[in-house]
Amino acid sequence: MARCRMPRWGLLLVLWGSCTFGLPADTGAFRRIFLKKMPSIRESLKERGVDVAGLGAEWNQFTKRLSSGNSTSPVVLTNYLDTQYYGEIGIGTPPQTFKVVFDTGSANLWVPSTRCSPLYTACEIHCLYDSSESSSYMENGTTFTIRYGSGKVKGFLSQDMVTVGGITVTQTFGEVTELPLIPFMLAKFDGVLGMGFPAQAVGGVTPVFDHILSQGVLKEEVFSVYYSRNSHLLGGEVVLGGSDPQYYQGNFHYVSISKTGSWQIKMKGVSVRSATLVCEEGCMVVVDTGASYISGPTSSLRLLMDTLGAQELSTNEYVVNCNQVPTLPDISFHLGGRAYTLTSKDYVLQDPYGNEDLCTLALHGLDVPPPTGPVWVLGASFIRKFYTEFDRHNNRIGFALAR
């Protein structure tokens, strides 16, 4: 087995685990990537006593600056401060291992590079891609920048063999040379593997999943995502080529995507106690596997939070007294003619580092101006309840009640 280039702070690898790559077993009809659930960056900051209110304000200011963007600096709505799930992939020959977030909100693959500047301390505690250790590396050199709500990454493009779920493709990916300290210093993942559409990719790069589809090795042109609600067991799983019945019950209900080249669908309202409170005239929603929370326009969230009796603790972060949780009402999201209902157990976070008297809600305000927004985001808090299938062949998203 090959290893990724060890960070220069070798001792810190104890905290982040080994960089040794092992391929998952070929399960026949499906190809699987097992996911591990981790504390989010926000949780890690809270554990260390860091006031995260300022980070929320920074995210809010970022969304206010959003515009149509351009091909060299695309806008990605995912806020990795709250991302909790990652899986392993291999890059190079022999493969170097990286822990990545599988993110339907973006379309590029990037990992930190050995060419990362020593000034960027966040690189020091992650596995670094070393092109000199790979016999299949091909130089590209095109520079790129990707802006996220929680920072931006810069680097250059390279080409190498990438192995995902036992499938190997020739892939152009990003070697990141500028990785911001906040938030990536405390990230348990090394990089991001975008599962979005080609239109979302920086630099005209063909996404990993499209290269996999071109090989014709999958039974269906779909992938599905399961996030476990039990943190003591398997964190989750990405299934390439289909959906696994052991993770859901009943049948899938499908909703066609509403925007070509994006995992975006229409929502017909958000209701509490059978009353539609917001999005009465319909609104757009992105199903984002890289996001943890459910986000929506600030004005809509505040109305929803007032109904729940929640208070705004910091910028767009809401809490309730923990003794209120059992009496909080259900929240329903109306998609494709059906109501997808979350109970308080689904939308209240278990925060072992926070105030024992206050419980954080997995709902955030997110103001995105036109033409990108306004938009809602359904992240892991929703996907944990509803097993989700992303169907590229039919341009639709399917939901089924998770087991």
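Glycine is treated like the rest: Cβ placed from N, Cα and C.
Features as listed in Swiss-Prot:
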SIGNAL    1-22  signal peptide
CARBOHYD  N70  N-linked glycosylation site
DOMAIN    85-400  domain 'Peptidase A1'
ACT_SITE  D103  active site
CARBOHYD  N140  N-linked glycosylation site
ACT_SITE  D288  active site
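Classification of D103 (active site) by DSSP places it within a strand. Cα of D288 (active site) to Cα of D103 (active site): a span of 7 Å. A simple Cβ count within 10 Å picks out one of the active-site residues D103, D288 as the most packed, and that one is D288. Counting only residues at least six positions away in the same chain, the Cβ atoms of F156, L157, S158, Q159, T172 sit under 8 Å from the Cβ of N140 (N-linked glycosylation site).
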